[in-house]
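Step one of this worksheet: look at the structure below.
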Amino acid sequence: MASRLRLALIAHDEKKDDLVAFARGHVGFLEICDIVATGTTGARVLDACPGLRLKCLKSGPLGGDQQIGALIAEGKVDALIFFVDPLTPMPHDVDVKALMRLAIVYDIPMALNRATAEIILRDHENGASRASAREDDVHG
Ligand SMILES: O=C(CO)COP(=O)(O)O
């Protein structure tokens, strides 16, 4: 059986509605993921999709981005979906940059907008169905 995708979800304030819509649209897939999220993002997603296995960390400006960066460094995150607002200055911009840097260092898929997030989920869904087709082959 395919392993659960360990997913990190983050959205800046102007992008939270988009991420919630994305989560609603993929709730069936997200239900088979282990999810971590920054505080406010996680609360919004859980509000919209209450059944998810989602752990809320600290809010981004209070260290949540750094917590997710640490999880990436420990090999505990398979993919990062981070809906970034490119039009608003952030007080914790250095944390955001550090998080993205670690996602690059550890070479995990990192989606910074919805179009790329769709590709990551589609790829994993296809991988999961390939794995289950292989199991069917093996087990008849
Ligand atoms: O600021 C963020 C990412 O940099 C997101 O944090 P919240 O989900 O707590 O709003």
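Including glycine, each Cβ sits where the backbone N, Cα and C put it.
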Check your understanding: Of H92, H124, which one shares the substrate site with H12, K16, T38, G39, T40, T41, S59, G60 in TrEMBL?
Key -> H92
Exercise for review: For the binding-site residues T38, T40, work out the Cβ neighbour count at 10 Å and name the residue with the minimum.
Suggested key: T40
Review point. Can you tell me how the residues of the domain 'MGS-like' (1-140) break down into helix, strand and coil by DSSP?
Key: 79 helix, 23 strand, 38 coil
